[in-house]
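Worksheet: the structure to be examined is printed underneath.
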Amino acid sequence: MHFPHNDVDVLVIGSVNLDTGFTLPRAPRVGETIAALDMVERGGGKGANQAYAAARAGASTTLLAAVGHDADPALADLRTVNVALGDLVSVPNVPTGRAVLLLAGGENTIVVNAGANAHLTAQHVSDWASTHTAPSVVALQHEVEAPVIDAALDAFGERARIVLNPSPWRDGAAEAVRRAHVVVLNEVELEQALGLEPVTDEEPLAIAHRLIGDLPGGDVVVTLGGDGALVRQGGEVTHVPAIRTTPVDTVGAGDAFLGTLTAALARGEDLVSAATAGATAAAVVVTIHGARDTTPMP
């Protein structure tokens with residue numbers, strides 16, 4: 001299916017959070033209180049992170065999301081890369097989504113409260129679609145309600161290339177996975193999408209190779225952390241290797257991958273090339289603290 005180039009390269013429909021991150025000497029045990037080595041507050045949310053990455057990769061990017069009265073700190077980074085924020089939905093008397101991130105030994109644990117994100121509705125999506133030219137690519141994730149995803153698939157399924165990141169996985173998402181043009185997920189979410197119990201004694205790359213052909217629908221990208229990504233495009237499966245780095249913080253690596261991938265697709269690159277660009281962006285993000293590469297652009 002061919003989609004023409006449009007005024008907006010990438011429309012991200014998703015979440016905006018204000019993240020509070022704690023760096024810990026180690027993961028706490030159940031019932032234990034532990035002193036953090038450091039604390040930082042910054043913008044987050046899968047939708048906002050992906051919009052940031054897409055814009056930083058050169059795409060004209062619009063974010064459709066719901067925020068509270070306290071959203072300014074969560075949006076500051078997005079303004080620096082010119083993400084269009086004019087269509088944000090402001091929800092009175094409800095806080096912006098929040099996330100608490102615990103980082104220990106280079107791995108992270110995250111607790112999220114939806115806040116205003118839960119107030120983005122299917123009607124907001126329909127209204128946007130009826131008053132704007134369709135974008136080249138629409139990016140969706142599961143930090144918004146299921147009817148929002150369905151409305152986006154209905155509104156843009158024949159007008160734009162839809163990239164769905166079904167994370168976190170939720171029951172009932174199989175139909176959206178089938179309808180999306182590109183699905184980006186990790187090997188655990190791939191098992192969940194196929195209704196399988198997680199396999200713990202098999203390498204992620206082996207799991208992805210074994211199962212990627214079973215997922216119905218369009219093209220598929222399985223992200224594999226240090227093993228790179230596996231791409232299914234037009235029936236062919238290609239391994240995209242990871243760029244070797246020493247990770248200090250894995251928060252947001254998947255969002256950097258997906259946002260950069262959508263920008264590459266909007267430029268007309270094929271999925272393997274787009275995934276390679278995504279892997280490069282993810283490799284940079286894991287070497288810094290935070291979900292967004294804020295180093296000066298060349």
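Just so it is clear, glycine is given a Cβ too, placed from its N, Cα and C backbone atoms.
Counting every protein chain shown, the number of other Cβ atoms lying within 10 Å of the Cβ of D255 (active site, proton acceptor) is 30. Residues or ranges marked as active site, proton acceptor in TrEMBL: D255.
Under DSSP, D255 (active site, proton acceptor) is assigned to a helix (H, G or I) in the three-state scheme. Marked as substrate binding site by TrEMBL: N17, L18, D19, G45, K46, G47, A48, N49, E143, D255.
Sequence-distant neighbours of N186 (ATP binding site) (same chain, 6+ apart, CB under 8 A from its CB) are S167, P204, V222, T223, L224, G225, G254. DSSP classifies N186 (ATP binding site) as strand under the three-state reduction. Taken from TrEMBL, the feature ATP binding site applies to N186, T223, L224, G225, G226, D227, G228, G254, D255.
According to its DSSP assignment, V285 (K(+) binding site) is helical. Feature annotation from TrEMBL assigns K(+) binding site to D249, V251, V285, I288, G290.
The domain 'Carbohydrate kinase PfkB' annotation in TrEMBL covers 9-296.
Taking the Cα atom of each, K46 (substrate binding site) and G228 (ATP binding site) are about 20 angstrom apart. Taking the C-alpha atom of E143 (substrate binding site) as reference, the shortest distance to any of the binding-site residues G226, G228, V285, I288 belongs to V285. Cβ contacts within 10 Å of V285 (K(+) binding site), excluding its own Cβ and spanning all protein chains shown: 26. Under DSSP, E143 (substrate binding site) is assigned to coil, being neither helix nor strand in the three-state scheme.
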